[in-house]
Amino acid sequence: MTTSEDQTTPAHLDPKTYPRHLTDPTQNIHLELTYSPLNAQSALDKISSPAAGANVLFLGTTRNTFEDRAVSQLSYTAYPPLTLKTLAGIARDAVAKHGLTGIVIAHRLGVVPIREASIVIAVSSGHRRAAWRAGEEVLEICKEKAEIWKREEFVDGGMEWRENRERDGEGKKVVVSEN
């Protein structure tokens, strides 16, 4: 029989091996997976550019209810090498499609208390329309494709694992095809 002290945590799950970053300075792409609170100002600082006339920032925060059940906190897990690869593809596609001058995608892992941010999306572009569209599109694609799993923990003691893509931007259930 072994105790929890005898077992070693795999490196990809060990909070001591974080933060995980991926940066592409040629396209001003900044990606992060971290157990620490997310910093909105840091994200804005990274995308700031003299060529940018628009900076858009989105913070996804933990709310206190889900379908009339009181939520105590959320918890997120991921496989960082795969998740960062997916996020890099999303960021590169957004830069190319919308002509962005910068993009940050940062996601928190582990426990995220009520009112704290679990995701930061920050984008900059020459004009507002491209930035608005890119910010929303990046968020929706991250929820659909990024290998990040969420556990909702309820005040009544229950919990449920969810895929981010189970709900649309208005919180309505999405039917996911198995094909």
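Glycine is treated like the rest: Cβ placed from N, Cα and C.
Now, the feature entries from Swiss-Prot:
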type	residues	note
BINDING	H127, R128, K143, K150, R151, E152	substrate binding site
COMPBIAS	1-10	compositional bias 'Polar residues'
REGION	1-21	region 'Disordered'
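All features noted in Swiss-Prot, drawn onto the structure.
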{"residue": "H127", "record": "substrate binding site", "Cβ within 10 Å": "12"}
{"residue": "R128", "record": "substrate binding site", "Cβ within 10 Å": "12"}
{"residue": "K143", "record": "substrate binding site", "Cβ within 10 Å": "20"}
{"residue": "K150", "record": "substrate binding site", "Cβ within 10 Å": "18"}
{"residue": "R151", "record": "substrate binding site", "Cβ within 10 Å": "14"}
{"residue": "E152", "record": "substrate binding site", "Cβ within 10 Å": "18"}
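Across H127, R128, K143, K150, R151, E152, which the record gives as binding substrate, the greatest C-alpha separation is 37 Å. Following the DSSP three-state reduction, the secondary structure of E152 (substrate binding site) is strand. DSSP assigns R128 (substrate binding site) to a helix.
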